[in-house]
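One structure below.
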Amino acid sequence: MADTPGIVITGASGRMGQMLVKAVAASDACRLVAALEREGHGWVGQDVGTAMGVPALGVAVTDDPVAAFAKAQAVIDFTAPAATVAFAGLAAQARAVHVIGTTGLSAVDIEAIDRAAHHAVIVRAGNMSLGVNLLVQLTRKVAAALDADFDIEIVEAHHRHKVDAPSGTALMLGEAAAAGRGVDLGEVRQSGRDGVTGARRRGDIGFSAIRGGDIVGEHDVLFAADGERITLRHVATDRGVFVRGALKAALWGQDRDPGHYDMMDVLGL
Ligand SMILES: NC(=O)C1=CN([C@@H]2O[C@H](COP(=O)(O)OP(=O)(O)OC[C@H]3O[C@@H](n4cnc5c(N)ncnc54)[C@H](O)[C@@H]3O)[C@@H](O)[C@H]2O)C=CC1
Ligand SMILES: O=C(O)C1=N[C@H](C(=O)O)C[C@H](O)C1
C-alpha cells in the first residue's frame, strides 16, 4: 500500500540485510522502496529477490544512497561503521528515520551520529531483541543490588564471521552493570586477558569473546562471589528477533521528534 512507510534496506546482501528485505517485502505495515549495497558489489543492478534466490520483488539493488533515501521514510541499516556514519548524515538530510543495528562504532562515530540526530530520528541499539533489552534492565538492577564482592564478567559467543569484539550487546550489558554500580565502564573495563595478567582487580568488569561456527548470539552476565554465583543469560537462535525489533523501531520512529533513541524507548522499557 502506497501510504505505508517506504523502507530502504542497506547491506541488502548481508546476513541481516537479506532477512530484512524479506520481512519488509512480506509486511502489510511498510513497503520496500530500495535495497542498497556497496559500490562494486555483484548484486548492484539485479532485482533483490532474484539475487537472493527468491521470486523477483520489483526492486533493483542500487549503490546510490542519496537516490534511495529520497524515496524512503525509514532506512534500516546493519552494515559497517564507516557506511553507517555516512548514512546517518544522508538519512537526516532526507528526514528519514534511521534505524542503526551496526556495531563496532567508535566514540567519534557516535558523536557524528549524535549530530545527525539533531535533524532526524535515529534509533540505535547494539541489540534489537526484546529479550536482550530486558536483560540489560535486569543486569542494571542486579549490579545495583550487589557490591564489588561480586565480580562481574560478561561472556559472549558469535559466529565465525563477526568482525568486532566485544559485541555491541556485551558493551550494552557492561554499560548497564557499570551504571547499576555507579561507576564509569571506561574506568573498570577489562577485555582480552592473555599472559601473566596479575590477579583480578576488585570492581573490574571483564569481557570475553568466543567466535565459532554459526552461533547467532549468546550473552552471559556472571556475578561471581565467594561461595555463590548468579548468571543472567540470553541466547538468540534466530536472527528474526533482531529483524522484528528493527521493523518495530522503523515504524515507531515515524512522526517522532528528531533525536537519538534506543530500543528501550521503542519497547517502553
Ligand atoms: N543490533 C542488532 O540487533 C544486530 C546487529 N548486528 C550488526 O549488524 C552488522 C551487520 O551484520 P551482518 O548482517 O551479520 O554482516 P554482513 O557482513 O553479513 O552484512 C553487512 C553488509 O553490509 C554491506 N555494506 C558494507 N558497507 C556498505 C556500504 N558502504 N554501502 C552499502 N552496503 C554496505 C556489505 O556488503 C554486507 O552485505 C554488524 O555490525 C553486526 O554486529 C547484527 C545482528 C543484530
Ligand atoms: O554480529 C552479529 O551477528 C550480532 N551482533 C550484535 C552484537 O554485536 O551484539 C547483536 C547480535 O548479538 C548479533
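Every residue, even glycine, has its Cβ placed from backbone N, Cα and C.
Per TrEMBL, the candidate among Glu37, Glu39 that belongs to the NAD(+) site alongside Gly11, Ala12, Ser13, Gly14, Arg15, Met16, Gly101, Thr102, Thr103, Ala125, Gly126, Asn127, Met128 is Glu37. Residue environment of Ala125 (NAD(+) binding site) contains 27 other Cβ atoms, counted within 10 Å of its Cβ in all protein chains. Following the DSSP three-state reduction, the secondary structure of His158 (active site, proton donor/acceptor) is strand. Close to ligand 2, meaning a Cβ under 6 Å from one of its atoms, is not one of the binding-site residues Ser13, Arg15, Arg38, Ala125. The CA atom of His158 (active site, proton donor/acceptor) is located 19 Å away from the CA atom of Ser13 (NAD(+) binding site).
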